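Notes follow once the structure below has been shown.
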Amino acid sequence: MPFGNTHNKFKLNYKPEEEYPDLSKHNNHMAKVLTLELYKKLRDKETPSGFTVDDVIQTGVDNPGHPFIMTVGCVAGDEESYEVFKELFDPIISDRHGGYKPTDKHKTDLNHENLKGGDDLDPNYVLSSRVRTGRSIKGYTLPPHCSRGERRAVEKLSVEALNSLTGEFKGKYYPLKSMTEKEQQQLIDDHFLFDKPVSPLLLASGMARDWPDARGIWHNDNKSFLVWVNEEDHLRVISMEKGGNMKEVFRRFCVGLQKIEEIFKKAGHPFMWNQHLGYVLTCPSNLGTGLRGGVHVKLAHLSKHPKFEEILTRLRLQKRGTGGVDTAAVGSVFDVSNADRLGSSEVEQVQLVVDGVKLMVEMEKKLEKGQSIDDMIPAQK
């Protein structure tokens, strides 16, 4: 890079104490870790593309936290961020991912045949099944930091790759900027499209700059395999369908994802991955598999049971409302998914969802009959 980050150099005219953010009222992982000492140490560092510690933490400074959800409070701007600012990221990663250590190795397993069961979740209770992940393309900076030209290059590369898919994956790309308001809203309501960038986390991190330039959605002809381009990550890959056949959803996810990865590799742009962090993504909460395997499941009785939260925790699952994070459950329908991302494989994480949801549906059926479920409460997984 011929010139340094002049904006950051200018900030160095002020003492660290004068630049250090006020985090006294914050409830996020970044605020727990970033002391004045650490800020002093990191503030004149930058990645090869010019991302600084102030860029890393901005979203967490502007969003003190959520009363119920401990937000992460920081983002990576490029692949090197996790290395250059490791003294900030490592404790956050450990905190967020159950004590994951800087020396730990992540494992990847995208062989769908290793998943046991998953094709027999009761569709009267499990209304839909979905598996998603994110991927970052090597050689480009990440959405909080990329330039317009980079973002457009990522879109061009992605569309070329996706348009070469055939068979069950044959599909079409729909750029956001050529969609009507109505088309866009319909896709959002169908859970096919990312929301417009109103989330303060997206806005403060810089991910929503130039919206909707170079953003879009690609999906196969029967809308069961989707790829979001240039939202929070370069790519978000999603496999979904109505009902409870998680086995089929996961098969399509693995096969489609590996086809896409192959095409990018051949084009000389593999995905960002390393042995320690697995797949490198914008938000530290998604490192590892980046995978969220979830179902919409109806639990009218179990959700009112005093041990509902404890059961979820023991099964290593988390719940969200029907519309995703920050929403309420409508008609006792919850979005239940794996809590882990880093340190265990894709197959292991989806297995936890399949086994855990199956058990919770059995509990729900017992409660419907007025029977006790005390003997079914699982041990901590």
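Keep in mind that glycine also has a Cβ here, set from the backbone N, Cα and C atoms.
Copied over from Swiss-Prot, here are the features:
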| type | residues | note |
| --- | --- | --- |
| BINDING | 128-132, His191, Arg236, Arg292, 320-325, Asp335 | ATP binding site |
| DOMAIN | 11-98 | domain 'Phosphagen kinase N-terminal' |
| DOMAIN | 125-367 | domain 'Phosphagen kinase C-terminal' |
| MOD_RES | Ser164 | phosphoserine |
| MOD_RES | Thr166 | phosphothreonine |
| MOD_RES | Ser178 | phosphoserine |
| MOD_RES | Thr180 | phosphothreonine |
| MOD_RES | Ser199 | phosphoserine |
| MOD_RES | Thr313 | phosphothreonine |
| MOD_RES | Thr322 | phosphothreonine |
| MOD_RES | Ser372 | phosphoserine |
Three-class DSSP secondary structure - Arg132 (ATP binding site): strand
Helix, strand and coil residues within the domain 'Phosphagen kinase N-terminal' (11-98) as assigned by DSSP: 42 helix, 6 strand, 40 coil
Inter-residue C-alpha distance, Thr166 (phosphothreonine) and Arg236 (ATP binding site) (nearest angstrom): 19
DSSP three-state assignment for Ser164 (phosphoserine): coil
Those modified residues of Ser178, Thr180, Ser199, Thr313 having Cα within 10 angstroms of Arg132 (ATP binding site): none
Collapsed DSSP category at Thr313 (phosphothreonine): helix
Those residues of the chain, 6+ apart, with a Cβ under 8 Å from that of Ser128 (ATP binding site): Met240, Glu241, Lys242, Gly243, Val295, His296
